[in-house]
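According to TrEMBL, the feature [4Fe-4S] cluster binding site maps to A:16, A:30, A:33, A:39. The ATP binding site annotation in TrEMBL covers A:69, A:70, A:71, A:72, A:73, A:74, A:75, A:76. Positions annotated as region 'Disordered' by TrEMBL: A:1-45.
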């Protein structure tokens, strides 16, 4: 199971060398394949699109991929908050969403319902601020509920178009938010951006074993395709919330649950005031195996830190806000801040800021 | 953006009619396309594989797809627990994992490290119990950490092989756990199983808007491809946990968090015993928009129920156990049980059991 050499058509013979391979249409395995002639005669060699992409990327200093093995680990939330944070540091930031079938980025940046405009320079990103531009298929769907029922080649075509057509102008960072897995979108983005230099990938996970299994695959994907792992972020690392923000239920003798929150809060205020300022934490996902930190040590990649499952951060994501602006995300924002600072320091991005200032 | 008519090669001309279309290689758009001749001469018409699949499926009474728009909503956990529950009701159950790049099913069924065996009848599933067989790419990887870096066509090929080669024997239910989205895996499974009759799809989501956006897409996918929506399950619908199971932290004046769990638990026991049996609940994900229940009403599909985020259920999934066996998953197991009973009742599956008894 290795990286494929270009496309393999569905009706191809077994052991197809790939349509872009030098032996396409010419290997023993090609005998009798319906694609044999097309493969043997199709132009090979460097993809002319890569030249166009390289020109577009010439004004982009750093390219960071945000990956995850499993879905729903908070990858898009992280990408969004990373972009907000970098923009707040006065970097010029572009955020590209290559999740074609389930784009969450428009909502998470507060840009739902926006559309892409075209100029003679190319497709214009949608701007949150003058230094934070965003591109997503979400801006191209006439109806947000419509399913994008596309197989790989069409998804790859759009990703290529994003890279070829979008006019980002000068960027310090292009953050690429990807869908989970190691398939079409990931292969395409690496193939298209590889030659222009990808700084590396940030891999987001949750603490459970099932997530970590997939993260190991993702790290191995990076190793195989030659993308540096900038670090792993453990998200949803337990729930932390002020005690007074919980609802409290009592189980009756008949097994019903009744809401006694008012009574409990009153009880805290009157009889146990020393408890009301506490933060209650739950592990939520079992991390008894040592979580992402241990895995990072084993696999020799940097661990960037843990972000707790914070209902306020979830709310910020739902509302398309930065979690850094007000004091509401009191549990998760400091954790995210430390992670982003570490990322910048580890990779010398701060020096870049000083140099360019 | 419509369902594709077979494959569209990456190097195809614009407006490619699809390699399986009647006009493949013959439409105006095909002029000069490198695939033109292959497309024009390739055999069209019914896929012979579909005949083989129909034979395999002749011994399978009901086929249920488990889908989600977004990843990480607990789709595999639900598929696993649904399969455990159906098997516990003495149904013959098969669980097919078509998540090629991130298979979680082997771990969630407690089958890590198992391998597939081949007999003259075909590929044998791995059995949890005599009436619960499982098939996943996870059983075929020599190294569980290895990334499966496959584009769509190769994933489709394996899915087809699962359907063609696996010898399930007599099944009451084949549960198909899919990756998130509406792309290759989903199109393939619907195209391959469509003619054999798919009972319908269960869609798993979480309460947030970002999830619900993707679920709407998934429901529209089902409508477009003609798969009935059996119902929507809202997972991670708030965290519910006994108060005494939490950790408690106090924030010091310097902003540090110190663990005061022991002291708090002692306090509860000594001074506030009426609080120690309470269940504390947090919404975790913002559901102020009305969650999945409201969306189901709007879209005219059945709502099956909510399952709270239960650390004990997460643990059961990690350990590959049924959550129904012991009393540990006291918060989530009753909720899952009601959902599965509703699913069975709504669709007349219970009658089937009586009939076949």
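Yeah, the Cβs are placed from backbone N, Cα and C, and that goes for glycine too.
Sequence features, as recorded in TrEMBL, placed on the structure.
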residue: A:16; record: [4Fe-4S] cluster binding site; DSSP (3 states): coil
residue: A:30; record: [4Fe-4S] cluster binding site; DSSP (3 states): helix
residue: A:39; record: [4Fe-4S] cluster binding site; DSSP (3 states): helix
residue: A:69; record: ATP binding site; DSSP (3 states): coil
residue: A:74; record: ATP binding site; DSSP (3 states): coil
Fill in: Distant-in-sequence Cβ neighbours of residue A:30 ([4Fe-4S] cluster binding site), under 8 Å, six or more positions away
A:13, A:16, A:17, A:23, A:24, A:36, A:39, A:40
Worksheet item: Of all the binding-site residues given, A:16, A:33, A:39, A:73, which residue's CB has the most CB neighbours within 10 A?
Response: A:39
Worksheet item: Across all chains shown, how many C-beta atoms besides its own are within 10 angstroms of the C-beta of residue A:72 (ATP binding site)?
Response: 24
Worksheet entry | residue A:70 (ATP binding site): tally of other CB atoms within 10 A of its CB | 29
Worksheet item: A:69, A:71, A:74: which of these binding-site residues has the sparsest Cβ neighbourhood within 10 Å?
Response: A:74
Discussion item. Is it possible to get the count of other C-beta atoms within 10 angstroms of the C-beta of residue A:76 (ATP binding site)?
Written reply: 30
Response to the item:
Same-chain residues at least 6 positions away from residue A:75 (ATP binding site) with a Cβ under 8 Å from its Cβ, in sequence order, are A:66, A:67, A:68, A:177, A:178, A:180, A:204
Worksheet entry | Cα-to-Cα gap, residue A:74 (ATP binding site) vs residue A:33 ([4Fe-4S] cluster binding site), nearest whole Å | 43
Discussion item. Distance check, please: Cα of residue A:33 ([4Fe-4S] cluster binding site) against Cα of residue A:69 (ATP binding site), rounded to an integer number of angstrom.
Written reply: 34
Practice prompt. Among the binding-site residues A:30, A:70, A:72, say which ones reach under 8 Å of chain B by Cβ distance, listed as they appear in sequence.
Written response: A:70, A:72
